[in-house]
Amino acid sequence: MDNDEERLTRQLDLARQLVGHLEVGNEDAASNVIRQLRIPYERELFDELGKLTRDLHEALNSFRGDSRLVELTRDEIPDAKERLHYVVSMTEQATHRTLNAIDEAMPIAESLHARSAELTESWVRFRHRELSVVEFREFARGLDVFFVASGEETERLRSLMSEIMMAQDFQDLTGQIIRRVIRLVHEVEENLVGLIRLSSARMEPSRVVQSANEAEDATVRGQGPIVPNTHDAVADVVSGQDDVDALLSSLGF
Amino acid sequence: MKILIVDDFSTMRRIIKNLLRELGFNNTMEADDGSTALPMLKNGNFDFLVTDWNMPNMEGIALLKAVRADPDLKSLPVLMVTAEAKRDQIVEAAQAGVNGYIVKPFTAETLKEKIDKIFERIDAQ
């Protein structure tokens, strides 16, 4: 309050001086007084401007420091796209593998069914003593052929079913890849939220950068399947079971 | 022969369970990660462990290390069936005392071959 009063008295005083100077036509003295009158307002303006500049500087710095976001856009997003493409082609392959096996198995099953129905019919006629000697001979020959063929064909069916079962491994492999992409999307989201927070009035420092770094030192943690044309290609990976066996045997396995 | 199958994907557990049944192993149980598997192993009288690597909570490599560190379980044969294909990881698993390592995708023949090999070695000791 005292300060305000002091300021007011001083300004009134200056105003009176200004009027005095103007009345006698002393321009130099008048503009000097005007400058003095402006000082308190200018100081406030400069203070505010300084604060704004500092805020802007800090915001730019922390944005530049958050290189994770840049890394995400430049490397991780295209990498994730490649992973998702790979998932599409893996699921496509698995479906074809399954359908191919079914395409082969279905006619085998149908033919087995038809031949056993035929033989059943002859068998019923035989039981009713309706078969002639010639027909019986043919029936016996047919049975011989059927026994051998059905053994082979059911074995083939078994192996086709096993093929269908193994084709389902795509769910695990693509699932691991998709989970990895979900983690990335989540990270991008967190970074974007951080960016919004940064550009809003409240200058909270983003904690997002830390969580990104945590994930990085985990080389020995599970990564999921190797996806071609991604960062995985750079890593030192084995190309298949033979490679694994060679590596293990070099370790004395 | 009682076998524990550990994988976070139920589809993969079913595949491995089916393959083991084809090989004549009918007594199998399942767990979806290391932290559920470990208590089962401690009380379950298992003879063999088949485990994935990349799982939530407790990964397969941590499970392997925990098994080797447990006086009652340390000689349990462990077969790793995983998509993890980095050389460093395979070396780490070997150093942690894994008995076999299969990379996904794998075939029924590979599984049979590795299991046979593990038991041959155990019998030879």
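Cβ atoms are placed via backbone N, Cα and C, with glycine included.
The domain 'Response regulatory' feature in TrEMBL is assigned to B:2-119.
For the recorded site, B:Asp52 (4-aspartylphosphate), the DSSP three-state label reads coil. Counting every protein chain shown, 28 other Cβ atoms lie within 10 Å of the Cβ of B:Asp52 (4-aspartylphosphate). Residues or ranges marked as 4-aspartylphosphate by TrEMBL: B:Asp52.
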Mean of the pLDDT scores, which run from 0 to 100, over the domain 'Response regulatory' (B:2-119): 96
Helix, strand and coil counts within the domain 'Response regulatory' (B:2-119) (DSSP): 56 helix, 24 strand, 38 coil
